Amino acid sequence: MEAKETHSISDHEVELQDAKPEEKSENGNFVFEKAFSSDEEKGSGYNTNETYSKMDNSLQHRGVSKIEAVRDSIYQNKRGMYLAYAFGIAILACSWASAIQSSTTYSYQVYATASFNRTSMISTLEIATAIISSVCKPILGKFSDITSRPMTYTLVLLFYVIGFIVVASSSTISAYVIGSVFISIGSSGLDYLNTLVVGDLTSLKWRGFMTALLSTPYIATVWFTGFIVQGIIDSNWRWGYGMFAIIMPAVMTPAVIILMYLERQANKDENIKKIINYQTEEKNKNKQSKWQKLWKAVLEVDLFGLILLGVGWSILLLPFSLTSYAKNGWKNPSMIAMMVVGGVILIAYSGYEMFIAPYPSCPRRVMNRTFITAVIIDFFYYLAGYLQSMYFTTYTWILYDWSYRDWTYFNNTMTIALCVFGVFAGAMHRVFHRYKYLQIIGLVIKIVGYGILIRPNFAATGKVDLAWSLILIGMGGSFSVVGSQVSCQASVPHQDLAIASSLLPLYTNIGGAIGAAIASPIFSNKVPKYLREYLPSSINDTQVYNFYSDSSLIREYPVGTEIRDGAIKAYSRSMFFLLVPAVSLSFIPLAAAFWQSNFYLGNQQNAVEGDQDHKKKGDKETTQEEKIII
């Protein structure tokens, strides 16, 4: 499978990846017709100064070759297709369990942190989990390339189980945070692997639809997770975490077994046997000790560089959420020192990646225009999104005397919109074979959704305003996210799919962490200030601090009382300072979207390699003898 070289861009030539594959049957193969000549189609899908050479494409890891063998084998006969459907059902079951877990445990955060008198620590938790889990994705991606996709699923399951056990048994806020980090790695790792496998096994025209389909369980789970939350909170929030230490292994094991079986069957193919024999010969020529193999694996996943990245961003951003607890706030030397050290570490990371790292976490070959634009769009999308959503559940908790169930329903409004319109966006990709303009429309809708929440000096408090804003934000967000995901995966060859699919959420989650870091000091400074201003003078400063630390105390006063109405006004005033920057920053991804490429979404696995169509029985086989497994 040899990569095609980049053509120069002129008035009469466009790059190969923007060519439209006409579905003409010729021994089962698809033929690329003449490329479109419009300016839109002339956009460079990848860096023209850095092509994917034959040597680059041949240096392929074992895990990539294994999943390619699976992809080829499932289209050869009905049995392979049935097994593929079974695997699809299995990962959909994983998505169901993950949807229930995230829909419920997100609501438990308020109660868990309140039990430790650390409600405002939610932002610190969000920063820590966002950065660490996102930094782990490139490691998981490289691990899946070096070993296999099933092996990585097993590793993710291990993180899941450990995290749930630690959180369920936590006696301090520190233990709760550590367990939450493990859960976040497991949850984000599962989502990442599901997305990666969908990218491995589907063509571009179905990519967005199938990826969005993995999120559809949220459409159903939202209606009964409220009952689960209500029942758990009435007894003990810890069991809400602990039960998933049993559920997740039960639902993930079938998916792992089926994928392992598919790999085993695919490895019986003669071409794969030749590759394995060649790899065995290479091993015999260059024998390495276990320590040498381990060191090579550490270098290949760029473990040192990713640790620098994660530690640097964590140390830089955590002071924003810790200043309210530090003596003298920003005047505390520790806060200043953390920011300085974090900045220095990030500079060191940049230098290490550019000049020292033998296997950079972000190789230059994937830094094409399409990928960079997708990163910019999602980076600011998440940054603005975290500004709006970080304390939005707490805000709605204060506004109305909803039951736990109804409160959970409302908090999942945006989730439902994201899932429903995500499938719609994927269907539009299948019908029109393009994604750019739908993404632009989505970003405009998202801005309108933010705007509905803003009133002069206050945030909206009406139920209709809140509901419509969440629906529009979810709708617009789904159009954008699905577009970024598809364009990112389309812009690189299959051998780089794992790294590109992990780097996009890495940088966008850093954007979310920055948004959380900005939201935390705004919330921690504004809420106590406005609580003191709008609460009756009969409430002393200690009570004000207690209301701020434990928002459930405010709920003890019915809506309409002087104390409750004063608290609502204080929270509404504070949310205004989060919503204004959120809507302002949302114009940046909108501008970037106009620079996005607009690949034709056809039968190919990606848009930069020519011979990428799924092979069916009777098709001419693609030789794999030139592939070398590292």
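The backbone N, Cα and C atoms fix where each Cβ goes, and this holds for glycine too.
Per Swiss-Prot, compositional bias 'Basic and acidic residues' is recorded for 1-26 (among others).
Per Swiss-Prot, the feature compositional bias 'Basic and acidic residues' maps to 611-630 (among others).
What Swiss-Prot records for Ser10 (among others) is phosphoserine, and it gives experimental evidence as the kind of evidence.
Residues annotated as phosphoserine in Swiss-Prot: Ser38 (among others).
Residues or ranges marked as region 'Disordered' in Swiss-Prot: 1-51 (among others).
Averaged over the region 'Heme binding' (522-576), the predicted model has a pLDDT of 91. Under the heading region 'Heme binding', Swiss-Prot lists 522-576, citing experimental evidence as support.
Annotation comment: Swiss-Prot describes 610-630 (among others) as region 'Disordered'.
Taken from Swiss-Prot, the feature topological domain 'Cytoplasmic' applies to 1-79 (among others).
Under the heading topological domain 'Extracellular', Swiss-Prot lists 101-120 (among others).
As annotated by Swiss-Prot, topological domain 'Cytoplasmic' applies to 142-154 (among others). Counting residues of the topological domain 'Cytoplasmic' (142-154) by DSSP class, helix then strand then coil, yields 11 helix, 0 strand, 2 coil.
As annotated by Swiss-Prot, topological domain 'Cytoplasmic' applies to 198-208 (among others), with the evidence given as a curator's inference. Under DSSP, the residues of the topological domain 'Cytoplasmic' (198-208) split into helix, strand and coil as follows: 9 helix, 0 strand, 2 coil.
Residues or ranges marked as topological domain 'Extracellular' in Swiss-Prot (evidence: a curator's inference): 230-241 (among others). If you look at the topological domain 'Extracellular' (230-241), the same-chain residues 6 or more away from its ends with a CB under 8 A from one of its CBs are 104-105, 107-108, 111-112, 115, 164, 167-170, 179, 183, 403-405, 408.
Positions annotated as topological domain 'Cytoplasmic' by Swiss-Prot, on the basis of a curator's inference: 263-302 (among others).
Positions annotated as topological domain 'Extracellular' by Swiss-Prot, on the basis of a curator's inference: 324-335 (among others).
What Swiss-Prot records for 357-370 (among others) is topological domain 'Cytoplasmic'.
The topological domain 'Cytoplasmic' annotation in Swiss-Prot covers 428-439 (among others) and is backed by a curator's inference. When Cβ-Cβ distances below 8 Å are used as the criterion, the topological domain 'Cytoplasmic' (428-439) is approached by residues 20, 205-209, 377, 479-480, 482-484, 486-487, 593, 596-602 of the same chain, each at least six residues removed from its ends.
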Contact call for the transmembrane segment (80-100) and the transmembrane segment (209-229): at least 3 Cβ pairs under 8 Å, seq gap 6+: yes
For the region 'Heme binding' (522-576), residues assigned helix / strand / coil by DSSP: 43 helix, 2 strand, 10 coil
Cβ contacts the transmembrane segment (303-323)/the transmembrane segment (121-141), at least three under 8 Å, sequence gap 6 or more: yes
Outside the transmembrane segment (407-427), six or more residues from its ends: residues with CB under 8 Å to it: 103-104, 106-107, 206-213, 215-216, 218-219, 222-223, 225-226, 229-230, 389, 392-393, 396-397, 438, 442, 466-467, 470-475, 477-479, 481-483
